[in-house]
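Visitor: Swiss-Prot lists these features:
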BINDING   Asp8, His10, His42  divalent metal cation binding site
BINDING   8-10, 34-35, 56-58, 61-65, 132-135, Phe139, Arg142  4-CDP-2-C-methyl-D-erythritol 2-phosphate binding site
SITE      His34  site 'Transition state stabilizer'
SITE      Thr133  site 'Transition state stabilizer'
Amino acid sequence: MRIGHGYDVHRFCDGDFITLGGVRIPHKYGLLAHSDGDVLLHALSDALLGAAGLGDIGKHFPDTDPQFKGADSRVLLRHVVGIVQAKGWKVGNVDATIVAQAPKMSPHIETMRQRIAEDLQVELDQVNVKATTTEKLGFTGREEGIAVHAVALLLPA
């Protein structure tokens, strides 16, 4: 078995929604990114790649490559799952923590879990997503952006 950790951050920019866990969430800002800015799926992708010893999403989907401009992070995550499986691994479980002062995440977490489980080809109880604030401290507390920590357990296929 292997464990991987992923971390990602995106800065807020002009916009009226963010995408997290494949869910479009109305917000007073958007997220600045080369792809769709889904910081949750980016952190999960990094955790999976790290556990399999396959580098990170920047290696597989460089932000200098125009083919990934505006890319759907669910498509990228499914690709990551495919290369992890090709190396002889399957997902045991994943756990992620969204760090954001706003928007409120609780109304969206179950849908995020469902979409992630679908993309990872696992049962819903193998996916956990939670959210916390930093009590208005730091860049997330000042509502400058969102961060996500994620861990993944891989098992031999």
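Cβ atoms here come from the backbone N, Cα and C positions, even for glycine.
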Visitor: To which of the binding-site residues His10, His34, His42, Arg142 does the lowest count of other Cβ atoms within 10 Å belong?
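Guide: Result for the binding-site residues His10, His34, His42, Arg142: minimum number of other Cβ atoms within 10 Å at Arg142.
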Visitor: Going by C-alpha distance, which of the recorded positions Asp8, His10, Thr133 is nearest to Arg142 (4-CDP-2-C-methyl-D-erythritol 2-phosphate binding site)?
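Guide: Closest by Cα: Thr133.
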Visitor: Rank aside, I only need the closest one: which of the recorded positions Asp8, His10, His42, Thr133 has its C-alpha nearest to that of Asp65 (4-CDP-2-C-methyl-D-erythritol 2-phosphate binding site)?
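Guide: If we rank Asp8, His10, His42, Thr133 by Cα distance to Asp65 (4-CDP-2-C-methyl-D-erythritol 2-phosphate binding site), first place goes to His42.
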Visitor: Other than Asp8, His10, His42, which residues of the same chain sit close to divalent metal cation? List them in sequence order, counting a residue when its Cβ is within 8 Å of the Cβ centroid of the site.
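Guide: Sorted by sequence, the hits are Val9, Leu31, Ala33, Gly37, Asp38, Val39, Leu40, Ala43, Ile146, Ala147, Val148.
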Visitor: Name, in the order they occur in the sequence, the residues of the same chain whose CB lies under 8 A from the CB of Thr134 (4-CDP-2-C-methyl-D-erythritol 2-phosphate binding site) and which sit 6 or more residues away.
Guide: Val99, Gln101, Thr140, Gly141
Visitor: If you measure Thr133 (site 'Transition state stabilizer') to His10 (divalent metal cation binding site) at Cα, how many Å is it?
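Guide: Thr133 (site 'Transition state stabilizer') and His10 (divalent metal cation binding site) have their Cα atoms 15 Å apart.
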Visitor: Residues with Cβ closer than 8 Å to the Cβ of Pro62 (4-CDP-2-C-methyl-D-erythritol 2-phosphate binding site), same chain and 6+ apart in sequence?
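Guide: Listed in sequence order: Phe68.
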Visitor: What are the non-local neighbours of Asp8 (divalent metal cation binding site), defined as same-chain residues 6+ apart in sequence with CB under 8 A from its CB?
Guide: Val39, His42, Ala43, Asp46, Ala147, Val148
Visitor: With DSSP assignments reduced to helix, strand and coil, which class does Asp65 (4-CDP-2-C-methyl-D-erythritol 2-phosphate binding site) get?
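Guide: Once the DSSP labels are grouped into three classes, Asp65 (4-CDP-2-C-methyl-D-erythritol 2-phosphate binding site) ends up as coil.
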Visitor: If you measure Ile57 (4-CDP-2-C-methyl-D-erythritol 2-phosphate binding site) to His10 (divalent metal cation binding site) at Cα, how many Å is it?
Guide: 14
